[in-house]
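Single-structure report; data block below.
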Amino acid sequence: MLNNTMSVVILAAGKGTRMYSDLPKVLHTLAGKPMVQHVIDAANELGASNVHLVYGHGGDLLKKTLSDDKLNWVLQAEQLGTGHAMQQAAPFFADDEDILMLYGDVPLIAVETLTRLREAKPQGGIGLLTVKLDDPTGYGRITRENGKVTGIVEHKDASDEQRQIQEINTGILIANGADLKRWLSKLNNNNAQGEYYITDIIAMAHHEGHEITAVHPTRISETDGVNNRLQLSRLERIYQAEQAEKLLLAGVMLRDPARFDLRGTLAHGRDVEIDTNVIIEGQVTLGHRVKIGTGCVIKNSVIGDDCEISPYSVVEDARLDAACTIGPFARLRPGAELLEGAHVGNFVEMKKARLGKGSKAGHLTYLGDAEIGDNVNIGAGTITCNYDGANKFKTIIGDDVFVGSDSQLVAPVTIGKGVTIAAGTTVTRDVAENELVLSRVPQVNKQGWQRPVKKK
């Protein structure tokens with residue numbers, strides 16, 4: 001029966017010894033964000049009134065990493081089992097709310113599954129998420145009488161007959177706050193592990209005459225936990241396969257779904273084509289008919305209609321208007337902006353720079369802290385010298401400017417419309433419209449000159 005309010009408890013106190021890492025286990029990433037963040041996001045999407053995070057190992061780093069989330073931090077100083085962890089959070093439970101118990105190392109749990117679990121919880125009883133496994137070794141078994149759930153027996157405490165049961169406990173459950181506090185106060189550690197098992201409350205509820213309703217997830221992988229890096233890598237591939245399938249069904253052409261990673265969210269138009277080994281990070285928007293070549297990384301960027309990003313280009317916190325082309329081997333750093341029809345070629349880097357409509361920087365160029373007008377040609381080897389060792393300065397280039405190869409523009413400097421900058425020029429002062437600028441050293445040709453000969 002659906003209660004009006006619900007709080008979520010996320011257990012995240014484990015050290016993760018088998019990860020062989022100094023990083024708390026739940027902070028290891030899946031699809032570009034910490035495992036526990038996936039669970040927090042699910043809790044928030046469910047509309048949880050409060051999210052209680054039970055922590056132990058690496059608490060300072062957890063708090064720093066998750067500082068943007070509104071969490072109630074609950075310390076479990078000693079890891080004495082799941083029941084003990086819930087006991088630490090129990091003082092924060094309201095009697096008239098539902099309490100949903102989740103795990104920071106079970107990152108793929110689906111909101112749809114949790115919604116069904118919440119809706120299935122009987123009045124005064126417990127909603128329990130279970131799955132059936134061909135090999136349930138190591139998991140707590142679900143015991144039933146006449147089809148009704150009566151309890152959970154941990155593998156180490158189970159009889160030979162009970163170990164034949166294939167239905168196992170996932171650890172995810174929901175119960176009323178007042179009931180849960182009462183059951184938690186009765187837990188003991190009289191078992192093979194010497195721990196306080198949250199699973200013991202199932203038998204308590206049954207003995208009190210309360211109903212326990214079991215719900216199954218849509219996919220077993222939703223309840224898979226992570227104890228080592230191998231398991232984490234497997235969940236990563238499961239997650240990525242699911243995301244690739246959704247994109248393909250929505251009309252995005254992934255040339256090889258097994259070689260595509262989505263580490264954030266992707267909004268897209270029609271007829272988008274993505275080649276192999278492309279990584280999408282953060283929030284990315286691709287317009288209609290966008291083409292992305294192999295090996296590209298796109299992060300927190302907006303790519304307009306009919307743009308083409310050639311292989312091995314990196315685009316971060318950038319914006320491309322319609323019909324722009326970049327790469328191969330181009331790098332757009334935060335603040336880069338290309339207006340309609342602009343082109344950035346191989347080994348060109350932009351940061352905090354705007355390239356106007358139809359303007360081109362074909363190769364071997366750095367454009368930083370710059371405003372570049374329309375129909376500008378930036379020759380190979382051009383550098384905007386924006387940093388004096390202490391401060392950054394801006395370069396402004398007007399429309400229809402031609403910048404010859406191997407030129408340096410020492411900021412702060414403004415280049416007027418229609419200016420031509422001869423190859424090899426170092427520009428240190430502002431230039432008025434339609435002027436020619438050159439600062440080459442005069443060429444000297446020495447006839448009959450011979451190279452020095454090495455002494456043997």
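Numbers here mean position along the shown chain, with the first residue as 1.
Placement of Cβ uses the backbone N, Cα and C atoms for every residue, glycine included.
The feature region 'Pyrophosphorylase' is assigned by Swiss-Prot to 1-229.
Positions annotated as UDP-N-acetyl-alpha-D-glucosamine binding site by Swiss-Prot: 11-14, LYS25, GLN76, 81-82, 103-105, GLY140, GLU154, ASN169, ASN227, ARG333, LYS351, TYR366, ASN377. According to DSSP, ASN377 (UDP-N-acetyl-alpha-D-glucosamine binding site) is assigned to a strand segment. The number of other Cβ atoms within 10 Å of the Cβ belonging to ASN377 (UDP-N-acetyl-alpha-D-glucosamine binding site), over all protein chains shown, comes to 17.
As annotated by Swiss-Prot, Mg(2+) binding site applies to ASP105, ASN227, with the evidence given as sequence analysis. With a 10 A radius on its CB, ASP105 (Mg(2+) binding site) counts 24 other CB atoms from all the protein chains.
Tertiary proximity for the region 'Linker' (230-250) is limited to same-chain residues at least six positions away from its ends with a CB under 8 Å from its CB atoms, namely 28, 30-31, 35, 107-108, 221, 224, 257-258, 260-262, 266, 268. The region 'Linker' annotation in Swiss-Prot covers 230-250.
Taken from Swiss-Prot, the feature region 'N-acetyltransferase' covers 251-456, and the record attributes it to sequence analysis.
All protein chains included, HIS363 (active site, proton acceptor) registers 18 other Cβ atoms within 10 Å of its own Cβ. What Swiss-Prot lists as active site, proton acceptor is HIS363, and the listing cites sequence analysis.
Look at ALA423 (acetyl-CoA binding site): DSSP puts it in coil. For ALA423 (acetyl-CoA binding site), the count of additional Cβ atoms within 10 Å of its Cβ stands at 15 [all protein chains shown]. The acetyl-CoA binding site feature in Swiss-Prot is assigned to ALA380, ASN386, TYR387, SER405, ALA423, ARG440.
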Could you put numbers on the helix, strand and coil content of the region 'Linker' (230-250), residue by residue per DSSP?
20 helix, 0 strand, 1 coil
Which listed residue (ASN227, ASN386, SER405) has most other Cβ within 10 Å, given these are binding-site residues:
ASN386
If you measure from the Cα of ALA380 (acetyl-CoA binding site), which of the recorded positions LEU11, GLY104, ASP105, ASN227, HIS363 is the nearest?
HIS363
Out of GLY81, ASP105, ARG333, ASN377, point to the one nearest ASN386 (acetyl-CoA binding site) in space (Cα versus Cα); all of them are binding-site residues in the record.
ARG333
For GLY104 (UDP-N-acetyl-alpha-D-glucosamine binding site): intrachain residues, at least 6 apart, with Cβ closer than 8 Å:
ILE10, LEU11, ALA12, LYS25, VAL26, MET35, VAL36, VAL39, LEU53
To the nearest Å, how far is the Cα of ASN227 (Mg(2+) binding site) from the Cα of GLY14 (UDP-N-acetyl-alpha-D-glucosamine binding site)?
10
Winner by Cβ contact number (other Cβ atoms within 10 Å) across the binding-site residues ARG333, ARG440:
ARG333
